[in-house]
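> Before I ask anything, here is the structure I am working with.
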Amino acid sequence: MTHGHSEPELPYHGPKFGGLAKRVHGWSWQAFPIGMGTGAVYVLLSALDPHPEWVTTVEVVFFFLALFLFALNISTLALQGILYREQSKRLLFDPVKGVFVPLCVLSFATLIIGTIQYAVPVGIIHPGFIYELFWVYVFFAVGVCFPMLMIWFNKPHDIKTFTPAWAFLIFPMMLVGVVAFNVLKVIPVTDPRCIGVLLVGYVFQGLGFFMTFFYLAIYILRIMTTGFMDGHQANGAFVACGPPGFTALALINLGKQARIILPAYNLVSPQAGEIFFAASVMGALLLFGLAVFFFFFGILPYWFKLHKHLSEILGCWALTFPNVGWINTLRALGDIFGIKGFSVWHAIMTFLVCMVWLILFGLTVLAFVRGKIFLAKDADVWRDTMSGDDAARNAASQVAPGLVSEQSSVVNLPYTAPRFHLAVTTLISRNSKGERPWVVDNNRF
């Protein structure tokens, strides 16, 4: 991909900020894939067969790590919204970074699944609370996805820059089906509320899959136009595995629940449960094949197209969580058809994902320590913490450092910074009658 020549940066003459301020300002919604990749590990491990006791211990460790990462991301972004409102707003309306906002909902989904697997069986959490969490997730998904879709579709986008990651705007609604079949594991069939969970799971799974399927069609059109994606976009190829993979997994498990729930309440017809299950398995097989195709379609050119830069490490987390759906579908198909090879394939892929997680986590920590990610520049922090007078001083210092005393101080408060060109305009009007009008004349913007 070619990039235009960027404007040279102006010299910065403002104050230096501490590491914490620059970290909070530089945080972004792209931090959530780390927690989602961590959640992918315990979701995959939980489906292993055989399943030793020590594996459960490892799963619990990863669950608490995912919980910590979720809390860290939410609290840091909330702090950013309080202290640096303009930066927080930029992330929401950014045409690239804005698509990562719904990932907070996906992270929440992995935590619900982990809670069902590790907290409900030991009696820490009551199944009734899980039912309430399900509806919280549904409203959370709709409440985040639709506003972000309105924001994102309000502007035109170039198909030549398309990446499957743009489908993240739909993913939370698609995963309602996955959350639903996990919730149904702890809600007894005798509870009539299970009917609502089952139907809502099917509805949102269909909504999410067909919307993301349109995105996948655009993805094929894009690579027909420009060739395989390169650089950080090469990671987005693995996101294409998510919709068919998770839908296949959801259909099989929702079909299993329909097989029990529909006859229990004499719904549709006496054979409705078996029909739902059989149709779900057939559809899952078709979608499983599509997911595996997209996986190999993304991995074969991956190493040659990827830019090996630590600053782009966050995009590499797409190697983990989008593949959970089709990998766990392997285990489900193995149980249905009694084919041991599916379980072996599942175990191999789970091991590989765990190895990828270890590598990515180590590289992410290294990138964080070296300041390659989640670290803003002093100038950016100052811009979003200045009062009006400080903004004028900042404009003056950039135009002509001699006009501003080095003793000028800045109050580090969460004020919204006025636009830079307004500050420069004010400066020009103030100096047009001053002793040194040539300073402004020679530094036009």
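Placement of Cβ uses the backbone N, Cα and C atoms for every residue, glycine included.
Taken from TrEMBL, the feature transmembrane segment covers 27-48, 60-79, 99-121, 133-153, 165-184, 196-221, 233-254, 275-304, 344-369.
Walk me through where these features lie, including what they touch and how far apart they are.
Packing against the transmembrane segment (27-48) from elsewhere in the chain are residues 55-56, 58-60, 62-63, 65-66, 69-70, 72-73, 76-77, 80, 91, 97-98, 100-101, 103-104, 106-107, 110-111, 113-114, 117, 314-315, 317-321, 323-324, 327-328, 331, 346-347, 349-350, 353-354, 357, 360-361, 364, 374: each is 6 or more residues past its ends and has a CB under 8 Å from a CB in it.
Counting only same-chain residues 6+ beyond the ends of the transmembrane segment (165-184), those with a CB under 8 A from a CB of the stretch are 99-100, 102-103, 105-106, 109, 112-113, 116-117, 130-131, 133-134, 137-138, 140-142, 144-145, 148-149, 152, 157, 194, 197-198, 200-202, 204-205, 207-209, 211-212, 215-216, 235-236, 239, 242-243, 246-247, 249-251, 253-254, 256-257, 261, 318, 325.
When Cβ-Cβ distances below 8 Å are used as the criterion, the transmembrane segment (196-221) is approached by residues 131, 134, 138, 141, 159, 162-164, 166-167, 170-171, 173-181, 183-184, 187, 240, 242-244, 247, 250-251, 254, 257-258, 261, 287, 294 of the same chain, each at least six residues removed from its ends.
Outside the transmembrane segment (344-369), and at least 6 residues removed from its termini, the chain residues within Cβ reach (under 8 Å) are 34, 37-38, 40-41, 44-45, 47-49, 310-311, 313-314, 316-317, 319-320, 323-324, 327-328, 330-331, 334.
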> Within the same chain, where does the transmembrane segment (275-304) have neighbours whose Cβ lies under 8 angstroms from its own Cβ atoms, ignoring anything closer than 6 residues to its ends? I mean 6 or more beyond.
209, 216, 228, 234, 237-238, 240-241, 244-245, 247-249, 251-252, 254-256, 258-259, 262, 269, 323, 325-326, 329, 332-333, 336
> In the same chain, who gets a Cβ under 8 Å from the transmembrane segment (133-153) while lying at least 6 residues past its ends?
92-93, 95, 98-99, 101-102, 104-105, 108-109, 112, 115, 166, 169-170, 172-173, 175-176, 179-180, 183, 197, 200, 204
